[in-house]
């Protein structure tokens, strides 16, 4: 009987091990099923990103927003359906996302080479990395094998993506919900060193901070605020004008963003919030004392961690033929 019990226990342990490892993300997941997959992605990015470097920041943001809702499963790419399902694209944080067609073009190349093999979730993760690298930013490992989700809801995006109006408490909660810590929060916020933002993301800090028209966020440097009002966002209702998130350095992936935080020149409330907590402020200062190479290394670690959030692998989900619609 003891021998039988031992066999049962060992079989159970083996089964648990197999379940826990089956379908896990791995480097070179497509090495047999689509050997040129990653090269196809990289070649397309390298051919086109230099003509539009702002695409790197846009797709990085898309990847971030995707991972924070149902995990990194490309649910952010799905269109609203004729049946009326309101997808993540319609949520306020995603209404300024663009370059979905960039992802679609990469996906079409992969479909031509290896039909039904490479997921949209992996395409988004790879393009985000390759675009940042192509513009001089850090490299990080992107293990593949993600599968695409079939559910996308506006409400979930609204509830899980950290808004630019977040205070520290809200940021900590939303990051912790995804298994990310305060170091990840500070390091990943460093992506704001590149790209631009619409005035609607921060104009309340200039014109309506307390809810009363004419009030300004006291945490925002007054000279910087005056400049934004005069040259960029001339009214509270400006929804089209854009401003650099890291003025003077918004095309370069560097430490300038963190220097601006200490000068009270972070564009969003969520940027400023990093200086309101002793732990995150200490992390900001530590990054500034270190080298650019150190920042790149820390950023890579946090991106690799983010890229694994609630991924669908094995037989969960599907491999979409088109990224904007689930398979019929």
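Glycine is treated like the rest: Cβ placed from N, Cα and C.
What TrEMBL says about this protein:
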- 65: active site, proton acceptor (ACT_SITE)
- 66, 69, 71, 73, 75, 88: Ca(2+) 1 binding site (BINDING)
- 162: substrate binding site (BINDING)
- 192: heme b binding site (BINDING)
- 193, 246, 254: Ca(2+) 2 binding site (BINDING)
- 34-114: disulfide bond (DISULFID)
- 67-72: disulfide bond (DISULFID)
- 120-323: disulfide bond (DISULFID)
- 199-233: disulfide bond (DISULFID)
- 1-23: signal peptide (SIGNAL)
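Each of the binding-site residues 66, 73, 88, 246, 254 was scored by the number of other CB atoms within 10 A of its CB, and the lowest score belongs to 254. The recorded positions near residue 66 (Ca(2+) 1 binding site), taking a 10 angstroms Cα-Cα threshold over the set 72, 114, 199, 233, 254, 323, are 72. For the disulfide-bonded residues shown (67, 114, 199), fewest C-beta neighbours within 10 angstroms: 114. Residue 323 (disulfide bond) counts 22 other C-beta atoms within 10 Å of its own C-beta, drawing on all protein chains shown.
For the recorded positions 67, 120, 192, 199, 246, 323, a Cα to Cα distance of within 10 angstroms from residue 75 (Ca(2+) 1 binding site) holds for 67, 120, 323.
Neighbour counts were taken at the CB atom with a 10 A radius for the recorded positions 65, 192; the maximum falls on 192. Neighbours of the residue listed as 'heme b binding site' among the recorded positions 34, 69, 71, 246, 323, defined as a Cα within 10 Å of its Cα, are 246. Closest to residue 114 (disulfide bond) by Cα-Cα distance, out of the binding-site residues 71, 88, 193, 246, is 71.
On the backbone, the CA of residue 71 (Ca(2+) 1 binding site) and the CA of residue 65 (active site, proton acceptor) stand 9 Å apart.
Among the recorded positions listed (34, 162, 233, 246), 162 has its Cα nearest to the Cα of residue 69 (Ca(2+) 1 binding site). Rounded to a whole number, the distance between the Cα atoms of residue 162 (substrate binding site) and residue 120 (disulfide bond) is 23 Å.
In this structure, the C-alpha atom of residue 73 (Ca(2+) 1 binding site) lies 20 angstrom from that of residue 34 (disulfide bond).
Note: the Cα of residue 72 (disulfide bond) and the Cα of residue 65 (active site, proton acceptor) are spaced 9 Å from each other.
One way to see the shell of the Ca(2+) 1 site is to take the Cβ centroid of 66, 69, 71, 73, 75, 88; the remaining same-chain residues with a Cβ within 8 Å of it are 65, 67, 68, 70, 72, 74, 76, 149, 152, 157. Here residue 34 (disulfide bond) is compared against the binding-site residues 88, 162, 193, 246, 254, and the shortest C-alpha distance is to 88.
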